[in-house]
Amino acid sequence: MKPPVNQSCQHYPECAGCDRLHIGYEKQLQHKQEEIEKRFKGFKGLEIRQIIKSPKDQMYRHKVQLPFGHRKIGKKSVLTLGLHNKENTFIIDQKECRIQDEDLTTVAAAIRHWARNENLEPYHEKKGSGLLRHIVLRKANATQEILVGIVTNESEIPGRKKLTDRLYSYIQQFLYKENSKADVVGILQNVNRKNTKVVLGEKEVTWYGRHFVKEKIGKLDFQIGLSTFFQVNPFQIENLYNLILEDLPENKCVVDAYCGIGTISLYIASKSKKVIGLEENSSSIRSAIGASKANGIENVHFIKGKVLDTLRAALNENSDVVVLDPPREGLDAETKSILLNSKVNQILYVSCNPETLLRDAIELTKSFKYEKITPVDLFPHTSHLESVSVFTK
């Protein structure tokens, strides 16, 4: 294999965070365009549009999840904080990152410094022991607010008040040295005692400030917590959502399936007669309802429950259009069956996985015409690819 060219990160290619950093960005876009064209060329009459590049291709990630680890230096074990290597055998002690926001890299360095100075033990997955499991950091692009999450293996931590004060102090010092204008508005402890690969647990304790950052999409205000689903590349959100808006017919009843905190529902509300958002996560539904009230939007209604359990009833509300934004697994067979047998005239499908989109598109074209697909690069320097597809009757 040829050695990487244009290498611009000391951890590449060992780090598993990026897999295309050695390729120029324009060439990456070309490869992703070709991937979509090759994968979807079998659909007759399908318009495959040009990929939408990210306005920012470096330091674009405004959410960071990093595991704690340890490495041996002589006979001494030293705490590390970073990403897994590609073989998933150890944690790289991250010194830089070309895709995550600079302020979040600075905050991560401050947390590492704090953890080492306090002699806090990293979590040992095989033993199930140790305190520190992960950090989860979020930054709001509009307000420059930062939320810090420390995921622990224990609920009660002796001397928590002093630990919090010193952590906050270190973070402020590190940000000040970098002339950062970011504002740390909250430090949270998330407790996860399960032997699991899932990062966040269910219990959350506020150590300092509040449990969310304030973010904007266009003129809309949202509150983003540690576990909130929100696009990690804020520079592409409006480009993505405008594709939905562009093909959405005016004054129709719309079902927004997998709506999360209601970002799409509220973004398309001004063009719609009514929007029904479906979401199974209780916290997300509460946030969505709160956001609709805060933004003074009255033609959006949110229903808690799995899409499979709520979609049929929502479609009976004389719905004309369905917006889909499922997880990487795509749609289950029964959900597709409900859509195929519905009176819906249009489906707008936001996908983060071309493989499952292809599988679902083959099924959906039994009743719908696959009109167009627009790839959107939300994740430069990685193989991940988002897209918006339009299906009509």
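Just so it is clear, glycine is given a Cβ too, placed from its N, Cα and C backbone atoms.
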**Asked** Which of Glu204, Glu215, Glu279, Glu298 does Swiss-Prot put in the same S-adenosyl-L-methionine site as Gln231, Tyr258, Asp325?
**Response** Glu279
**Message:** For the recorded positions listed here (Cys9, Cys15, Gln231, Glu279, Cys352), tell me which residue's CB has the most neighbouring CB atoms inside 10 Å.
**Reply:** Glu279
**Asked** If you draw a 10 Å sphere on the Cβ of Cys18 ([4Fe-4S] cluster binding site), how many other Cβ atoms land inside?
**Response** 20
**Message:** When DSSP is mapped onto helix/strand/coil, what comes out for Cys18 ([4Fe-4S] cluster binding site)?
**Reply:** coil
**Asked** How far apart, in angstrom, are the most distant Cα atoms among the S-adenosyl-L-methionine-binding residues Gln231, Tyr258, Glu279, Asp325?
**Response** 16
**Prompt:** Taking just the CA atoms, what is the gap between Asp325 (S-adenosyl-L-methionine binding site) and Cys18 ([4Fe-4S] cluster binding site) in Å?
**Reply:** 24
**Prompt:** Could you tell me the C-alpha distance between Tyr258 (S-adenosyl-L-methionine binding site) and Cys15 ([4Fe-4S] cluster binding site) in angstrom, no decimals?
**Reply:** 32
**Item:** In three-state DSSP terms, the structure that Cys352 (active site, nucleophile) belongs to
**Value:** coil
